[in-house]
Amino acid sequence: MTSTMGNEASYPAEMCAHFDNDEIKRLGRRFRKLDLDKSGSVSVEEFMSLPELRHNPLVRRVIDIFDTNDDGEVDFKEFILGTSQFSVKGDEEQKLRFAFSIYDMDKDGYISNGELFQVLKMMVGNNLADWQLQQLVDKTIIILDKDGDGKISFEEFSAVVRDLEIHKKLVLIV
């Protein structure tokens, strides 16, 4: 990572599309605070050092989505591109795709029964017995799966989630 981190002139246009110069600088400062070992990337452990993230069951999934090169860490470009999905300038489609990707663990474009179970298990922990959770997952798949292929497509997911206006809640004020 160069010493000009936070200097918007040193980054490609797609990194700056959703943030203005001051927001990029503030995100640069936040990134440097997260990067405890000054390696130029943030590990799961470094993200988990934040008290507000430590107990969030979906932090690892969000990190997996931000980590586009699958090296197990989030560099500054991935951080900016990832957080841009929560920008007030981000569009509804982008936010819905992000929410969908939380569940689409294998990135095949569908949410399978097993993926939905795994993500919901992260959220509910041991508050539900596995058989109860599996019943919930099965019912959810039956309700959302309009084409009968046994899995949830982005279109099927969006048809339900769009009405919840989740995109309006997925906003980061920088």
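Cβ atoms are placed via backbone N, Cα and C, with glycine included.
Record features, source TrEMBL:
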- 22-57: domain 'EF-hand' (DOMAIN)
- 59-89: domain 'EF-hand' (DOMAIN)
- 91-126: domain 'EF-hand' (DOMAIN)
- 132-167: domain 'EF-hand' (DOMAIN)
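Counting same-chain residues at least six beyond the ends of the domain 'EF-hand' (91-126), those with a Cβ under 8 angstroms from any Cβ of the stretch are 57-58, 60-62, 64-65, 85, 133-134, 136-138, 140-141, 149-154, 157-158, 161-162, 166-167, 170. Per DSSP, the domain 'EF-hand' (59-89) is made up of 17 helix, 3 strand, 11 coil.
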